[in-house]
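Going by TrEMBL, these are the annotated features:
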ACT_SITE  HIS137  active site, proton acceptor
BINDING   ASP130, GLU203, GLU205, ASP237  Ca(2+) binding site
BINDING   PHE132, ARG146, GLN244, TYR248, THR354  substrate binding site
BINDING   ASP237, LYS257, THR261  Mg(2+) binding site
DOMAIN    18-122  domain 'Fumarylacetoacetase N-terminal'
DOMAIN    134-413  domain 'Fumarylacetoacetase-like C-terminal'
Amino acid sequence: MALKSFIEVDHDSHFPIQNLPYGIFKPQPSSSPRPGVAIGDFVLDLSEIASAALFDGPLLKNSVVFHQPNLNKFISLGRPVWKEARATIQKLLSATEPTLRDNAALRQKALLPVSSVELLLPVVVGDYTDFFSSLHHTKNCGLIFRGPQTPVLENWYHLPIAYHGRASSIVISGTDIIRPRGQAHPSGGSPPYFGPSLKLDFELEMATVVGPGNELGKPVDINNAEDHIFGLVLLNDWSARDIQAWEYIPLGPFLGKNFGTTISPWIVTLEALEPFACEAPKQDPPPLPYLTEKESKNYDISLEVHIKPAEHENSSVVTRSSLKHLYWTLTQQLAHHTINGCNLRPGDLLGTGTISGPEPEARGCLLELTWNGQNSLSLNGLDRKFLEDGDEVTLTGYCKGNGYTIGFGSCSGKIVPPAP
């Protein structure tokens with residue numbers, strides 16, 4: 001018999017009792033931030049559950065981790081603690097457990113409509129790395145910029161390529177994105193263009209949220225890497241393609257990327273995603289031993305991108321892709337990040353890079369969808385090559401099966417013009 005909650009959860013909800021993603025929220029503008037778990041259309045206030053002494057297992061009894069303004073302390077404690085917390089929360093929310101169900105006073109304090117709270121960044125992000133892990137995205141970019149002779153460079157097949165991003169400009173879903181200014185390629189003999197980006201783009205990504213870190217100088221073994229991953233969020237790594245194209249040689253992305261990165265508010269745990277694990281694509285040539293996994297897996301997470309132009313009621317779906325298409329797995333990304341001795345810390349984000357699939361409709365950014373502006377998309381009758389001011393971009397992700405949906409909610413942002 002399927003596990004059910006005493007809370008009414010719509011069949012298509014992203015947040016059934018099988019999910020239980022973690023986030024940080026404020027019940028009132030003047031409230032202190034505190035951890036919560038999404039269940040249906042409600043947030044379970046974990047600080048109230050902890051104050052009621054209901055985390056009574058051996059690892060969490062009398063712990064203060066759910067009285068923190070972020071999840072960093074909790075996720076640093078590792079998988080045994082995460083499993084104990086999940087088991088406790090799942091039991092408290094189940095239809096057959098009276099402890100919370102029949103305690104009206106506690107329910108009133110601990111279960112709040114998500115529409116009435118403010119969702120915040122779930123972790124303090126110390127460092128942010130963005131990978132380049134989709135073969136289809138890599139090929140398309142290579143075809144656009146280098147042509148058919150060498151669309152994928154040799155090193156790409158041997159290691160997960162990445163660059164170090166900017167943690168300070170990571171924002172929560174719903175935050176406006178200010179169109180960046182910068183330099184772009186000069187035309188003819190004129191000086192470089194300077195002004196607002198004319199090629200503003202989204203990137204459909206997900207990100208690993210690092211749990212326990214590793215000591216400086218001590219790499220994480222590939223077959224232990226999963227124990228360092230707390231869960232996943234949706235991520236939009238906004239990109240100014242014209243700024244990026246002018247600046248990226250020889251050191252890679254800088255101002256074309258670091259003006260804004262949006263993440264979804266709920267971290268979905270690997271435990272919740274495990275029923276949707278799938279075999280990762282075959283890697284040819286085989287990776288080096290430090291990247292060779294006993295079990296190489298991805299997760300079959302359906303991903304969509306919607307764009308809603310200014311003053312339009314309806315959005316258009318422009319991309320349908322899946323995390324299952326990643327060539328380099330999440331655990332390979334993490335193990336490679338540490339192979340030189342680099343120390344990861346709780347709350348670090350590892351972006352996957354743009355997640356594109358083999359079909360044209362599975363291309364994960366406008367650079368690919370419009371072939372760098374050579375073609376146009378139609379959004380409710382409006383042509384788009386790149387994002388215009390007022391465009392609202394929303395990423396969604398979910399897994400369906402076993403009679404329920406495991407979802408990530410949404411990750412959205414609207415483009416606004418820079419100040420004069």
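Any Cβ shown, glycine's included, is placed from N, Cα and C.
All TrEMBL annotations are machine predictions without curation.
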Integer Å distance between the CA atoms belonging to GLU205 (Ca(2+) binding site) and HIS137 (active site, proton acceptor): 11
For GLU205 (Ca(2+) binding site): intrachain residues, at least 6 apart, with Cβ closer than 8 Å: ASP130, LEU234, LEU235, ASN236, ASP237, GLY351, THR352, GLY353, THR354, ILE355, GLY364
Packing count at LYS257 (Mg(2+) binding site) (other Cβ atoms within 10 Å of its Cβ): 24
Rounded Cα-Cα span from LYS257 (Mg(2+) binding site) to GLN244 (substrate binding site), Å: 7
Segment-level pLDDT (mean, integer) for the domain 'Fumarylacetoacetase N-terminal' (18-122): 98
Three-state composition of the domain 'Fumarylacetoacetase N-terminal' (18-122), taking helix and strand from DSSP: 42 helix, 22 strand, 41 coil
For TYR248 (substrate binding site), nearby residues of its own chain (Cβ under 8 Å, 6 or more apart in sequence): PHE254, GLY256
